[in-house]
Amino acid sequence: MEHIYQYAWIIPFLPLLVPLLIGSGLLFFPMATKNLRRIWAFSSILLLSIVMLFSMKLAIQQINNNSIYQYLWSWTINNDFSLEFGYLIDPLTSIMSMLITTVAILVLIYSDNYMSHDQGYLRFFAYMSFFNTSMLGLVTSSNLIQIYIFWELVGMCSYLLIGFWFTRPIAANACQKAFVTNRVGDFGLLLGILGFYWITGSFEFRDLFEIFKNLINNNEVNSLFCILCAFLLFAGAVAKSAQFPLHVWLPDAMEGPTPISALIHAATMVAAGIFLVARLLPLFLILPSIMYGISFIGIITVLLGGTLALAQKDIKISLAYSTMSQLGYMMLALGMGSYRAALFHLITHAYSKALLFLGSGSLIHSMETVVGYSPNKSQNMVLMGGLTKHVPITKTSFLIGTLSLCGIPPLACFWSKDEILNDSWIYSPIFAIIAYFTAGLTAFYMFRIYLLTFEGHLNAFLKNYSGKKSSSFYSISLWGQEGLKSINQKFLLLTLLTMNKKERVSFFSKKPYQNQINGNLRKMLRSFITIIDFDNKNISAYPHESDNTMLFPLILLILFTFFIGIIGIPFNQEGIALDILTKWLTSSMNLLDSNSENSVDSYEFLINATLSVSIAFFGIFIAFLFYKPAYSSLKNFDLINLFDKRGQKRILGDKLINIIYNWSANRGYIDAFYAKFLIKGVRGLAELVSFFDRRIIDGIPNGFGVTSFFVGEGIKYVGGGRISSYLFWYFFYVSILFLFFANIQFYF
Amino acid sequence: MNYFPWLTTIVILPIFAGSLIFVFPQRGNKIIRWYTICISVLELLLITYAFCYHFQPDDPLIQLGEDYKWINFFDFHWRLGIDGLSIGPVLLTGFITTLATLAAWPVTRDSRLFHFLMLAMYSGQIGLFSSRDLLLFFIMWELELIPVYLLLSMWGGKKRLYSATKFILYTAGGSIFLLMGVLGVGLYGSNEPTLNLETLVNQSYPVSLEIIFYIGFFIAFAVKLPIIPLHTWLPDTHGEAHYSTCMLLAGILLKMGAYGLVRINMELLPHAHSIFSPSLMIIGTIQIIYAASTSPGQRNLKKRIAYSSVSHMGFIIIGISSITDTGLNGAILQIISHGFIGAALFFLAGTSYDRIRLVFLDEMGGIAIPMPKIFTLFSSFSMASLALPGMSGFIAELIVFFGLITSQKYLLIPKILITFGMAIGIILTPIYSLSMSRQMFYGYKLFNISNSFFFDSGPRELFVSTAIFLPVIGIGIYPDFVLSLSVEKVEAILSNYFYR
């Protein structure tokens, strides 16, 4: 079956047709292209399905006989260096391409409906297909330069898609933030690639690993330099996978349309960093300190993501932080050297998170008709609640995604997360404790999201949160922000909501303990049912379930979430533990020669599973305790006041919750820190340098010009052309000279 | 062999045809415009034809050579020729100047003179790139200054006289050093002045003299390239000039400095070049960071793009001073690539200025909805300018990086530091270029002006920018288009460094 591999180059290039055709169509026949827009969506889905079938075929081949195929073409011919283009088909590639194509197809089907009323429907599909091209190119690339190329291209797609609704200033800022943050990582990646080229003289993965191993074994290279280069390479993965110091772009990236968040910022692109580290794991394994670094960054991200997700109001931002936390788990697993567990979690998490994001997109879609099109409102969990009866199917899918992410047994994420937790016990107890603790946190915040959105009553109606009668007036149009101006400033809750996006940091850090706000905060925290006025219940529209086109991918993803765990579950056949994933990855495992024997003692497994599941249930229980909606709202109102009174006494627990809440709501103060030091620093530097440029470097020639002007004017004044003055000076000097000579003659 | 004087025809044709504009009857601008564009296209076709059929890229020697004695008494020849180094810039000149003429369609004031000057520029630029005689080089260098000065001082913005004066003073000041260098090199040694570049390549000088020559030439080219701290004429000039002039300035004139650095400083004075190259490299790194961090502080859109050009020129300096095959190839590729990208950015900035009549970035915003095509093209070119893979800027910068890495000349630590510095430029570039496009296009704004100004780019503008966009993508995907032309010549130049 050699010939299949020969045609593997179509994997990345087939989806490329769509953006090319749409682009040229929009350029030359704009009207016709816009009228036939469904055809474009259909064709992009069709092409992607072909790619999916193809990569499935490749995957089956890979499972049956593990062999690595590589094809190369030369790209630039130069005497000193030659760049090559090619593709590499190995288990990792086939897993990733399967994952990307399946999720992408579902997301494309979904977004046909989600984006159907958008003006940029075609642009969206063009970007999406281009993203698929570059992502598939990334996973099939055979050398580091190619990886860098596609790495940048997926970054650009992410930039374009975050800024898809470019009229929103927040989206404009978010996309630039994402690109620049990713550029910081790319800076590291490029330098790392160059450094390793310098050390080994190769970009090909296998040559590079071989040469590098030999060099290290023979002690021929400066180990400090190697560590620096490996660290720089890893920095690329840190930025792309939203790990700790460079994670700031991911929550802001939720400004993009929700299908984008599902595909790019949850399932595929953010996994590119994990993919890169997995790809280069043989390299990192040689340098133990880098492995420590990877697992350390991983565990920090796990904890940080978990804590930051605790008190977000925006449903997508909470999910984004949860993505970040789960990516931290994968990074941790890679740092521990358990390649298989990391990839397993990557797969299961991708499906579960895609399910969750698509579910939240469906929610947002149905909320938009009720509360308006501003993301401040339609994604705000404060305004949701009690959606179970309005959107039952979405609710089911969301619940299943939540349970899967919490790690409840039959669902996908349980298997993979349990494996990582298991391995972390072996690696280091401290890391294990943090990882288990965060598993509890995960359960807590996921159920917080679930309870706030689906239980209780629909808060959007109960609360007269804007002071206007009809919701359609003040809803901010999709293409603009001007509606914000009409908001009545007296209503504190609303100012809180609107300011949250832009001025969250300054607002909270200035007066966090001001009483009234605090009360408000607490109200929102505890019950989310602050009833101000009952009279305004004149809105008839209720959120309703999305169309079938949107529900179909959700249901498929539910199936995936249920059954994808199977590939990693060991079936005891004839005494040997054999699961598909292990079989799939055998060749890569051999390359890594670690962790190859995977003897899972079923007893031990049971104990660990019980532990993790009980921690998850504990988290869920706490979530119920906090966020269980009180159905008798009037009584609850009194209760809140009680809470407030008790809060004045500043009980320790209350304080702690406050601290955690502020920490989470301010995004761990990290954004504020960056804004204060880095952004202001760069701006200040720019001001300073341009001042220097204008005043000093430019000042010299200008000063020169001005001086010469004055000198010229002076000379002109002196030589004014008046004969009388010439005669005067002439005779003046002649007389002086005469006197002088006369004196001399007099003395001699 | 063919004996048709291709290059002389190419050099003479535009200025000759341009001087015919003045004998045209006074019958509106339209006929002059069409005439100029026809001449430009004809010239471009002529260049392409001549190079297609009479140029072998695998030959490092001078081709299409012509040699006519001009002034007998000091051995001054009309000597033209093309090799792998100059073919790229000549083609770039033909391409960009033709498009700039097309871009200058809205110019109606004094259009005879304007179009004559454009054609005169055409001749001067091609003459410079194809001259094989040192004095002829100098004369062509001076020849294209005059049209630029006039174009600036007559068709510019409000402060045009200030910037035109600044431009002419800076470049004329540089030319003095160039003239001194030319005379010094020409008169050294034998009794007869030697101005032929071929014979000069093989001449060697005492080291101290070579260093003096090197400094003289370097100052002249540093003004043109520009290299800090001699760059301040560039933002002023670009800020004021009409955008067709800007296209010529950014696309071609800056590249003359780089061309001169390779052609004269590297080829004729190899010893001095290898002495100076470490400090050049430091200057290049500083320039990348300095200009990239000056750029966000600019409020004027065109000045911001101008500083981005200055920053990109740093890569050329580093490529030239790395003294490797790869680095020099990268520098040549960067010359071509920035010629396209810079010209296109100035063109788009100019066309959007024509519509919104705002120069300062903080007053702009939200013009993406009325002008989606300009938005798309501008974002594509700012992506190209921040070196997105798949576009020409990326591959040029990557090859320069490789040149630096593979260079034998430098030690480990300086290499690391310089690579690091260059890579900081990679972070700074998206900051200014993306925030530029964000401030211009993103957001939402209601315009009080009547809607008639807000038509999207028409077919002419669309054609100009797509015509530039295609080679950018083409080179980015298959860089051998340019590299195959220059590889042999670069090798020949660098072999000097190993034989001596």
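Quick reminder: no glycine exception, Cβ is built from N, Cα and C everywhere.
No curator has checked TrEMBL annotations; they are predicted automatically.
The transmembrane segment annotation in TrEMBL covers B:6-25 (among others).
Sequence-distant neighbours of the transmembrane segment (B:32-56) (same chain, 6+ residues past either end, Cβ-Cβ under 8 Å): 2, 6-7, 9-10, 13-14, 17-18, 21, 24, 63-64, 82, 87, 90-91, 94-95, 97-98, 101-102, 105, 111-112, 115, 118-119, 122, 126. The transmembrane segment feature in TrEMBL is assigned to B:32-56 (among others).
Among the features that TrEMBL reports, transmembrane segment is placed at B:76-105 (among others). Using a Cβ-Cβ cut-off under 8 Å and counting only residues 6 or more beyond its ends in the same chain, the transmembrane segment (B:76-105) has close neighbours at 7-8, 11, 33, 36-37, 40-41, 43-44, 47-48, 51, 55, 57, 60-70, 114-115, 118, 121-122, 125-127, 129-133, 135-136, 195-197, 242-245, 247-248, 251-252, 255, 259, 262-263, 332, 335-336, 339-340, 343, 347, 350, 460-461, 463-464, 467-468, 471, 482, 485-490, 493.
Taken from TrEMBL, the feature transmembrane segment covers B:112-129 (among others). Sequence-distant contacts of the transmembrane segment (B:112-129) (same chain, six or more residues past either end, CB-CB distance under 8 Å): 10-15, 17-19, 21-22, 24, 32-33, 35-36, 39-40, 43, 47, 80, 86, 89-90, 93-94, 97, 100-101, 104, 136-137, 140-141, 143-144, 146-148, 150-151, 154-155, 244, 248, 252-253, 256, 259.
Annotation comment: TrEMBL describes B:131-414 as domain 'NADH:quinone oxidoreductase/Mrp antiporter transmembrane'.
Residues or ranges marked as transmembrane segment by TrEMBL: B:167-191 (among others). Same-chain neighbours of the transmembrane segment (B:167-191): 134-135, 137-138, 141-142, 145, 148-149, 152, 200, 203, 205, 209, 212-213, 215-217, 219-224, 230, 233, 236-237, 264, 268, counting only residues six or more beyond its ends whose CB sits under 8 Å from a CB of the stretch.
Annotated transmembrane segment per TrEMBL: B:211-234 (among others), in sequence order.
The transmembrane segment annotation in TrEMBL covers B:241-262 (among others). Non-local neighbours of the transmembrane segment (B:241-262) in the same chain are 85-86, 89, 92-93, 96-97, 99-101, 103-104, 107, 118, 121, 125, 128-129, 137, 141, 144, 148, 151-152, 155-157, 160, 163, 217-218, 220-227, 234, 302, 305-306, 309, 313, 316-317, 320, 328, 331-332, 335, 338-340, 342-343, 345-347, 349-351, 353, 493; each lies 6+ residues outside the stretch with a CB under 8 Å from one of its CB atoms.
Annotation comment: TrEMBL describes B:274-293 (among others) as transmembrane segment.
Feature annotation from TrEMBL assigns transmembrane segment to B:305-324 (among others). Sequence-distant contacts of the transmembrane segment (B:305-324) (same chain, six or more residues past either end, CB-CB distance under 8 Å): 225-228, 231, 234-235, 237-239, 250, 254, 258, 261-262, 266, 273-274, 276-278, 280-281, 283-288, 290-292, 294-295, 298, 330-332, 334-335, 338, 342, 345-346, 349, 385, 393, 396-397, 399-400, 403-404, 406-409, 418, 422, 425, 428-429, 432-433, 436, 494, 497.
Among residues of the same chain six or more beyond the transmembrane segment (B:330-353), those with a C-beta under 8 A of the stretch's C-beta atoms are 85, 88-89, 92, 96, 99-100, 103, 238, 242-244, 246-252, 254-255, 258-259, 262, 301-302, 305, 308-309, 312-313, 315-316, 318-320, 359, 367, 371, 374, 377-378, 381-382, 384-385, 391-393, 395-403, 440, 457, 461, 464-465, 468-469, 471-472, 475, 479, 482-483, 486, 490. Among the features that TrEMBL reports, transmembrane segment is placed at B:330-353 (among others).
Residues annotated as transmembrane segment in TrEMBL: B:374-405 (among others). Beyond its flanks by at least six residues, the transmembrane segment (B:374-405) meets 281, 308, 312, 315, 318-319, 322, 324-331, 333-334, 336-338, 340-342, 344-345, 348-349, 351-352, 367-368, 415, 418-419, 422, 426, 429-430, 433-434, 436-437, 440-441, 456-457, 461-462, 465-466, 469, 471-477, 479 of its own chain at Cβ-Cβ distances under 8 Å.
Taken from TrEMBL, the feature transmembrane segment covers B:462-479 (among others). Below 8 angstroms of C-beta separation, residues 95-96, 99, 102-103, 333, 336-337, 340-341, 343-344, 347-348, 373, 377, 380-381, 384, 389-395, 399 of the same chain, each at least six residues beyond the ends of the transmembrane segment (B:462-479), sit close to that stretch.
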How about the transmembrane segment (B:211-234) and the transmembrane segment (B:6-25): at least 3 CB pairs under 8 Å, pairs 6 or more apart in sequence, or not?
no
With a Cβ cut-off under 8 Å, give me the same-chain residues at least six positions beyond the ends of the transmembrane segment (B:6-25) that come close to it.
31-32, 35-36, 39-40, 42-43, 46-47, 50, 54, 64, 66, 78, 80-82, 112, 115-120, 122-124, 126-127, 130
